[in-house]
Every structure is written in structure tokens, then in C-alpha cells.
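Chemist: My questions all concern the structure below.
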Amino acid sequence: MTTMTQTRKAAAAAGLLALAALLPLAVTEPSQQNFLILILMGAQLGVAWNIVGGYAGQVSLGHAVFYGIGAYASTMLLLTLGLSPWIGAPVGGLVAVLFALAMGWPCFRLKGHYFAMATIAVAEIVQVLVTNSDLLEGAVGLTLPMDRGGLGWLIFLSKLPYYYVALGLLVLTVLASWAIERSHIGYYFRAIKDEPEAARALGVSLTRYKLIALSVSAFLTALGGSFYAQKEMFIDPGSVLATSVSIKIALIAILGGVGRLLGPVLGAVILITIEEYSRTLFGSTGSGTDMIIYATMIILVAVFSPSGVLGLLGDLRRHLPGGGRTAAEPGKMEARP
Amino acid sequence: MNTAPLLAVDGLGKAFQGLVANRDISFTVHHGEIIGLIGPNGAGKTTLFNCLAGFHTPTSGRIAFEGRDVTGSTPEAAAALGIARTFQIVRIFQSMSALENVMVGAMLRNKRVAAARERAEAELSFVGLSHRAAVPAGDLTVSEQKRLEVARALATEPKLILLDEVMAGLNPTEVREASALVHRIHLRGIASIIVEHVMEGIMPIAHRMLVLDYGAKIADGTPAEIAENPAVIAAYLGE
């Protein structure tokens, strides 16, 4: 890439960030601010998923397990030891990393669809275990204490502080993803996705780099889970460990464009918007319509644009006069058995 | 030239559930040597490559590289030791540019992206693909993709490179260029084993030829000796 496009990209990123930082000045209605927070949360999860599912091409449909670990770890540390989520969330992230290593070791022996199916199974098992755990209050769920507040405890009365914490978490996640994309690890991930045997012949250990991808993704996803707990102040298996959570996380990235840094951000804007409108349209329960929407989106993406909305935009630009082809599409979703 | 062999294969055998693909193959390769590996289809050439590069675990025998036993090592371990390979059916990274493909190879020795880029540019220039560096690898011609695989393998700084039919499907000019490329690899002190059906490409440059038939080595000698060997003639022409 030339320095020209580099500076232009940096300027665009700075502009986008400034816009996001100033947005709450225009959007003051709490319910609308909440909607923006949901987009930031979805984007953060999508960017985190993209590290393993997009760049490294290992499609996980069990990311709720890391989300749930983050939510339960920080909440349990707060309830039992009185630890602030500033400590609890990173600890939850480390627990998620350990879980990712234990889960990845056997699951990465499976390829393609079989790996995806194994991740669903693992997430389902954890959901059942937590639902039946007395320690974690089972299906009743955990409620965060109301007697604390402020930045030190990440509990706020208004929506605005949550907005900025969510934005900070998204920026952190994007920076992590960006650093990986630019380093040798990012190149190795793409090599593993494209041609695993050729990658091995060049000295790339598949197990090692897949585990790195899953661990980083798990850590960041767990941070997202802790944030959810702090924002909602209540968690149960249905809200943080459900299969629909896993599918939503994957879909955000796939919809926006896998293997592209900001693809999932675009995916989150689209998916969360549709979700919220359908909620007002079909009533507040939404759990049934959610799944219908996800299924429809999956079919649309699979049929019309396997490289997501970003890929679609790239195709359009290429067909316009003056829009030359720059590089191969890094984001193409390829189903390889 | 170093007198201790770079590669020593002793009694190598590989069977796939009763189907014997390699049987009792022994040979040595010295530093910088060009070895032609020929034989009729199904003779076990690619299986031998896969054993040497760590993709198959031999059923019997042993492989020593620089005096160290490497029998049954993994492909990534073989690459780290200095055994590089290309694939019979090209396996390039489609989502990357030509340069990025080679950078992945260079990263084996230097994880810094800038250093890997420098190294990759040098290897692309070595195989004559500098002008195609920014092109998506999938848009290269088959001949270019084969050279790209060679550049990628060379970027790992190997001591031995296994070339699997890099001349197949090339026109006569391209075959001459490929022969010249193999010779220039030799001049860098890198040994090569070349599986090839294109005799006019391999015979003029090989120092030694190995001939396989039905999984066993039937001849080992200079190209001139091989051309007159009755067993080789029988294997190729039938008895």
C-alpha cells in the first residue's frame, strides 16, 4: 500500500472516531443512546470474532461461551470478593483464554464445518452446565449490587458513560485487530485460511496460530461479556450463553465483511438497526423474530455477497469507471470441508 | 563442496493400508546438488517428497538431514530445518498479492514485516516476477504461479528444495527458463530434488538422476548413465 492511501485511511479513522465521540451530543434521548451502545457492543463482538473467524478462517459458532465466561467471571468476582470489574473483566478474559486453549486443542483437529459444529456443541454444554449450577444461581441468573456506582465500579445511572466505555472497548478491540493484521501473525492467519498445507510447508504451525487467533478473540469477547453484565446489571444463561448470541456475533462479522478490519462495524450498524426496528414492529419479546432475521440475513449474504456488504461495495466501486482492482478480496467466506 | 551428505535416506518405505508406495529407498544428496527424480506415473515420487518434507510419516527406514534424524518430523519442523517444497498442483495464497505470498515464506526466518518484505522482493526478482509483485496471486498465469511457489520456498532460506513438476505444462521457452532458474538455485549452494516428466528440462542440468518404479529405486546415476540403463528403458517403454 502506498503512503497516500495509508494517510487517507488514518484520516478516515480519526474522522470516524471523532464522529462517534461527538454523536451523543446530537443524540440525547436515553433510548436512542441505548441503541447506539448496542451497536458499539455488537461491533466490538464482531471485530473480536473476525480475528479467528475472518482472518484465520476458523468459523466459530460458539462464541457465546467466551461472552458468558466474561459476564459470569466479572460478576462472580464482584459478588463474592467485592472486586471491581476493572480487575474482574481482565481476569474473565484470562479465564476465557484458558478455556479457548482447552477447547481449541481438540476442536482444531476438525476442519471447516466440523470445527463450527464442535464449537456449537461446546457452547451448548457450557450453557446446560451453568443453567444447572447452584454456585452460579442456575437459570435464576445473577443480579449485580445496586449499592455501588461510578467509574471505579463501572456502574452508572445514565446511558452516556456506558456509551463512552463501550466506545473505548471497541477502539481497543479494533486496535488489537489492526495490530494483528499488520504483523506476521495476520499474514500467517490469512495463509492458514487460504492454503493450510502450503502454510505448514513454510514453517507455520497450524495448531499454534489457530490457538493464538482463538485466544485473542476469546479474551476480547469476554471483555464484551463483562461490559454487558455491567450495563444490564443482570445476567442469566439465556442472555449471555444462548446459541442465538453466538450466531449474532458471527453474523455481524459475516454480514459486514469477514477478514476486513471495519467490516464487522458496518455489520453491527445494519444488523442492530434491523433488530431494533423489528422489535418495535413485532413487539418487545423479539426472541422469535431475532432468529428469523438472522436466518434471512445468512441466506441473503450466502447467495448475493459471500464477502459481505463491504465486499459488495468493493465490487460496485470496481465496476465504476476509474475504480481499478487493487488486491484480491481478503474477505471472501469460503466453505471448505 | 561439503563431503558429509546433506540428506541421507536409508531404507525408506511407505505403505497406505497395504498399498506400498515407497519400498526400501536409499540415497544421499550433497550440498548444492541437483537431483532429478523420475519414474512412470504412480512410481511413488510425490510420496517420497511428502515423506522428506514431513507430510507423511514413513512406515520404515530413516531420513537424516545434516546428520540429524528427522524421520517423521512435521512439515513445519522440516521447513525450519531447511527443507522447502513446492506442490505439484500449485497452492498459492489466493487472497494475497504475489509479494505477500513470498513474505509468508520469508517470515520463517524473520518475523519483522519490513524485513520479510525486503527479502520477498529479492526472491521475486530472483525468479523474475518483480513486475508482478502487487498483482493478486490468483491473477497470475500458471507458469507465474509455479515460479511464485519457488520464490516462496526460497524465501524460507532452505538448504534443500523439493520441486514437484515445476516444468509441467510450460512451453519450450519457459522450460529453458525454468532449467536456468534451477541452475541459479544450485549456484546459491542450495541442493534440489526435482520431480519432473519433462526430460529436456531436467537431463541437461541434473548432476544425478534417481529413477523410481513401482515404489522402488531402480537406478541412480548421471543422466548419461540413466539414459542407457536397461532397467530404466524397460520401465519407461515396457518390456
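Every residue, even glycine, has its Cβ placed from backbone N, Cα and C.
TrEMBL entries are annotated by machine, without manual review.
Relevant sequence annotations retrieved from TrEMBL are reproduced here:
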type: TRANSMEM; residues: A:38-57; note: transmembrane segment
type: TRANSMEM; residues: A:64-81; note: transmembrane segment
type: TRANSMEM; residues: A:87-105; note: transmembrane segment
type: TRANSMEM; residues: A:162-180; note: transmembrane segment
type: TRANSMEM; residues: A:211-229; note: transmembrane segment
type: TRANSMEM; residues: A:249-272; note: transmembrane segment
type: TRANSMEM; residues: A:292-313; note: transmembrane segment
Chemist: Going through A:38-57, A:162-180, A:211-229, A:249-272 one by one, which has the most CB pairs that fall under 8 Å from the transmembrane segment (A:292-313)?
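Modeler: That would be A:249-272.
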Chemist: Apart from its near flanks, which chain residues at least 6 from the ends of the transmembrane segment (A:162-180) lie with a Cβ under 8 angstroms of it?
Modeler: 17, 20-21, 24, 33, 36-37, 40-41, 43-44, 47-48, 50-51, 55, 154, 156, 186, 189, 216, 220, 223-224, 227, 230-231, 261-262, 265
Chemist: Check the transmembrane segment (A:211-229) against each of A:38-57, A:87-105, A:249-272 and return whichever range has the most CB pairs under 8 Å.
Modeler: A:87-105
Chemist: Checking distant contacts: for the transmembrane segment (A:38-57), what same-chain residues at least six beyond its ends satisfy Cβ-Cβ under 8 A?
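Modeler: That would be 20, 63, 67, 163, 166-167, 169-170, 173-174, 176-177, 180-181, 186, 189-190, 192-194, 209-210, 213-214, 216-217, 220-221, 223-224, 227-228, 231, 248-250, 252-254, 256, 258-265, 267-269, 271-273, 276, 331, 334.
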